[in-house]
């Protein structure tokens, strides 16, 4: 079995996670290939020996890899999708961060859950992604023009609101007068969109959510639409530029440039352990059903 390992940061709390992970992988004779920057961090902190193979980009991840393990929080998991892209390689998230909606494997369960993975006792949750196309070239994004959580437009260098003309399949929907607008996938519905009052979607829902950020037109509410909808946005404001973000990647775009957002032709395969389903994660992470009065 051949797997890739990816992470972004190292903290004191990460050390036991790395130790348990690599002990299990080595004991089971699994071929491990580590992302080179993460490997350098681990070697510097004496967490691993400098004997592992390394990879540097998505081009190195071919069909010989059975999965990629992301070590970190949800942000690290989202970054891992830029390495996997359309390869179909499943991602398993080990949580070394905080909430962990995507990185669902906790430290105390590393060996148990990885054993289930080795025994193929898991399911694949296929996650929708969004693609972005801009009328003018966005240098900061280049070929990473997709997002697993959300694509967001927001104001830049101003406290003034922006106006976002929104079209669905060519038909005018609304002009949002707000701090910004979130286009969220079902995966992203538990993130930024939820914080702005958007609904939670199950991962299997074939829908997207349009959620305004602090809208001044108070009757503008989050809207759930089919995920085969093509969305066009035209942003105007007092400043020359506004911001567009794809998960954690951000770029500056000129006013009046047309953004086209739609579902990508590929999905991300996320490994889901039976003990850590989406509904269980809702109960455990958002404390659904818990009554603190008792």
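Glycine is no exception: its Cβ is also placed from the backbone N, Cα and C atoms.
Per Swiss-Prot, the features are as follows:
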| type | residues | note |
| --- | --- | --- |
| ACT_SITE | 74 | active site, proton acceptor |
| BINDING | 74, 75, 79, 149, 150, 179, 190, 191, 192, 193, 194, 195, 214 | NAD(+) binding site |
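Less than 8 angstroms from the CB of the residue listed as 'active site, proton acceptor' sit 93, 97, 99, 100, 101, 102, 103, 191, each of them six or more residues away in the same chain.
Reduced to three states, the DSSP call for residue 79 (NAD(+) binding site) is helix. The binding residues for NAD(+) are recorded as 74, 75, 79, 149, 150, 179, 190, 191, 192, 193, 194, 195, 214; their greatest pairwise CA distance is 27 Å. In sequence order, 178, 179, 180, 196 constitute the residues six or more apart from residue 214 (NAD(+) binding site) in its chain with CB-CB distances below 8 Å. Remark: of the binding-site residues 79, 150, the most isolated position is 79 (fewest other Cβ atoms within 10 Å of its Cβ). Non-local contacts of residue 194 (NAD(+) binding site) by the CB criterion (under 8 A, 6+ apart in sequence, same chain) comprise 200.
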